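These features come from TrEMBL:
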type     : residues : note
TRANSMEM : 6-23     : transmembrane segment
DOMAIN   : 6-130    : domain 'EamA'
TRANSMEM : 30-52    : transmembrane segment
TRANSMEM : 58-76    : transmembrane segment
TRANSMEM : 88-108   : transmembrane segment
TRANSMEM : 114-133  : transmembrane segment
DOMAIN   : 144-278  : domain 'EamA'
TRANSMEM : 145-162  : transmembrane segment
TRANSMEM : 174-195  : transmembrane segment
TRANSMEM : 207-228  : transmembrane segment
TRANSMEM : 234-255  : transmembrane segment
TRANSMEM : 262-278  : transmembrane segment
Amino acid sequence: MDTTVFLAIMAGALMHAGWNAVIKIGLDRFSAILLLSLFQGAISFALIPFFPTIASDAWPWLLASILLHVGYKFFLIKAYALGDLSQIYPLARGTAPLIVSVISALYLGEVLSLTNAVGIVSIGMGIMAMALSKGPNTPPLSRKALIFAFCTASFTAAYTLVDGIGARVSFNASSFTLWLFAGDSLIMLVSALFLRGRGAVTKTLPEWKSGLIAGALSLGSYWIAIWAMTKAPIALVSGLRESSVLFAMFIAVFLLKEKAGIIRWLAAFSIGTGILLTRF
C-alpha cells in the first residue's frame, strides 16, 4: 500500500475515534445517530454542487449503499439495546474486515498477500478481544445480542464492499461519498418522523454543536476510506479503518483517564501489530 494512502487511512481512523468520543452526549442511541446523520447530510448537500455528477453505472451501487447504511444503523441501535456498548461495538466492527477479506478475494479477485492477510486477522481479533476487556462484572451477551451484533457486522461488510465498487465505477469518490450521505440522511429523517414524530428531530437540536463536529469528522473519515478503496484493496482499507478502536482506547486511557486491563492492552498490541503487517 502506498504510504500516502496508508497515512490518510490512519488519519481517517483517528477522526472516526474522535467523532465517537464527541457523540457521547445525553441522547439515546437512536437520537444520537439521527443527529449525526442529519449533519452528515447537511454538509453533503452543501458540497454536492461543487463536485461533478457520478457516472450512471454507479447509481445502482449508490442506492444499494444507502439502504445498507440505514440498515446498519437500525441493527446497531437494536444491538445496543440488547448489550453493553463496549462489547457490541468491537464485535460488530471487528468481524467486518474478516468478512470483507473473504468476499473480496472470492468475488473481486483481490487476494491479499500472506502478510497482509495475517495483519487483517490480527486487527480483527484484537478488536474483538476488546469485547472481553470489561472484566468479570460485565454481564455476558445474550444470544439475541450476539445475533444482532453479527448482523450489524454483515451490514458493515456489505456496505464496505458496495462502496468500494461504487466509488471505482463512479470515477469520482468524492461525489459518490457526498451523494451517499445526502441520501442516507433523508431516509433517516423520514424514518425518524415516521417512527417518533416531529419530536425526534427537535429533541436533537440542543446538541447541534456536538452534531456538527461529529458529523464533519465522521463524513471526513469515511470520505477518506472511500477514496482509499479506489487506490488500494478494499479489505486492507476496511481493516485499517477499524483500527480506530485503538485510537479510541488511547483517548479513553490518556485523555479520559480510564483504566485499561491486561486484555485491553494485549488487544491493542494485536491491533498495532496488524497495522504494521499491512504495510508489507
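Including glycine, each Cβ sits where the backbone N, Cα and C put it.
The transmembrane segment (174-195) shares more Cβ pairs under 8 Å with 30-52 than with any other stretch in the list 6-23, 30-52, 58-76, 234-255, 262-278.
For the domain 'EamA' (144-278), the model gives a mean pLDDT of 90. Here the transmembrane segment (207-228) does not touch the transmembrane segment (262-278). Their Cβ atoms form fewer than 3 pairs under 8 Å, with each pair 6 or more residues apart. Between the transmembrane segment (234-255) and the transmembrane segment (30-52) there are fewer than 3 Cβ pairs closer than 8 Å, counting only pairs 6 or more residues apart in sequence, which means the two stretches are not in contact.
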